[in-house]
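Visitor: Quick one: this structure, given as structure tokens, is what I'll be asking you about.
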Amino acid sequence: MHKLLFLAYNDIKRFAVDPGSLFLALIFPLVLVFLVVNVYPAEDQGIDTLTLGMVSLEEEGEISQELISFLEGDEIIPVVKLDFEGALQKMEEGEIEAFLLFPEEFSKKFYQNEKGEIKVYASPENLTGRMAALEIARGLANQVTYAQRSLELIERYEGVEAREMMERFKARGDYRVLPGSWHDARLNIHSAGPPVDENRINWALPAFFTMFVFLASSLGAVGLVEERERLILERMVLGGISRGTVLGARFLSGFLKGLLQVIVLWGAGIIIFDLYTGHSFSALMVISLLFVGAASAFSLWVASISASSSFAFSLGIISSLTMASLGGCWWPVYLMPSWMGFLGRFTPHWWANSAFSNLLLTGGDLASIRVEALILLLFIFIFSFWAHQKSRGRFV
């Protein structure tokens, strides 16, 4: 263990005294964030009104009907209550951009604390309407989950059934007293305020974070290959240091360097740029650290298959930038063609950016991004295992 820690310490020390590495990992991302937030040309300030339809297949008085009635009073995004056929017709005619459909058993599953669904109907050509509908549906789904948990606790400890409790709220004419319920859903969706006041840091920083963490980590593979070329790794083996120790030390040093990026980039975003961290800061950190782990493991894989340091450098640059473009770091994933979105799912960037969007834009929590977290963990395992296998006979 002490050999592993010593090797990791030496790698971190070299990183700390290298101005180029520090600039790429810490300074350059913040410069780009500053330019996007403060210098990038302002968007057209003319506000185009989006109108969304709401369709419920349930009877009057059920949860979805009450939810639609509450949302009809929204002043930012007008909501229109429609039947299914009418919603399809109005969407085809362009009177509404998209609509949400609540199935027949939405309330039943809500009261039984089961997983329900909200279906989104939107024209593939209407990117703005589709994105708005998807984000609102995701935000509502998060808030419905919060409400389910609140009612479950009330039923467990107070002995009041969920349906009875909802009837009490209905009788009072205000669901906002329910913790994390519909009122917060509306505020979470529109917390940015008018478009002219939108804080760009909320989408710029996560994108640059994923791109530069992965890029800096990938380029770290060059140093490991150079040590092999100079026979330093061979001397380590002769000195009794195993291949697993070398790989473990490099993974640890890469993870700690990524942790420094997490602290500096997110810290600067919060302190300097007034970043909104969402409802669950712990979930934000979990995704960040899992992504750092995936980047560190990928760096080992690059080093294990590279025949030379120049090849490792080229592979690190090309693969990192390609995955950044496919994973939603350069442009939103909803603007991509379907084939790019499909390929993007094979990158850790796509899953990390999806989780960040859920956490920062639609009020998600750790439970709502558990799939993304598990997939990032899978990336760590795959890259690490692949690097270990490929390094046999070539690495040390």
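Glycine too: its Cβ is placed from the backbone N, Cα and C atoms.
Feature table excerpt (TrEMBL):
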- 21-386: domain 'ABC-2 type transporter transmembrane' (DOMAIN)
- 21-40: transmembrane segment (TRANSMEM)
- 203-225: transmembrane segment (TRANSMEM)
- 246-273: transmembrane segment (TRANSMEM)
- 279-303: transmembrane segment (TRANSMEM)
- 310-333: transmembrane segment (TRANSMEM)
- 367-387: transmembrane segment (TRANSMEM)
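Distances, neighbours, how buried they are, the whole picture for these features please.
Guide: Residues 131, 203, 207-208, 210-211, 214-215, 218-219, 221-222, 224-225, 298-299, 302-303, 340-341, 343-344, 346-350, 352-354 of the same chain lie 6+ residues outside the transmembrane segment (310-333) yet bring a C-beta within less than 8 angstroms of a C-beta in it.
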Visitor: Cβ under 8 Å, sequence separation of at least 6 from the ends of the transmembrane segment (367-387): give me the contacting residues as numbers and ranges.
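Guide: Sequence-remote neighbours of the transmembrane segment (367-387) are 141-142, 145, 247, 251, 283, 286-287, 290-291, 293-294, 297-298, 300-301, 303-304, 348, 351-352, 354-355, 358-359.
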Visitor: Counting only residues 6 or more past its boundaries, what in the same chain has a CB within less than 8 Å of a CB in the transmembrane segment (21-40)?
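Guide: Counting only partners 6 or more residues beyond its ends, the transmembrane segment (21-40) has Cβ contacts under 8 Å with 15, 199-201, 204-205, 208-209, 211-213, 215-216, 219, 257, 260-261, 264-265, 268-269, 273.
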Visitor: Under 8 Å between C-beta atoms and at least six residues away from its ends: which parts of the chain pack against the transmembrane segment (279-303)?
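Guide: Residues packing against the transmembrane segment (279-303) from afar: 188, 209-210, 213-214, 217-218, 220-221, 224-225, 247, 250-251, 254-255, 258-259, 261-262, 266, 312, 315-316, 319, 348, 352, 355-356, 359-360, 363-366, 369, 372-373, 376-377, 379-384, 386-388, 390-391, 395.
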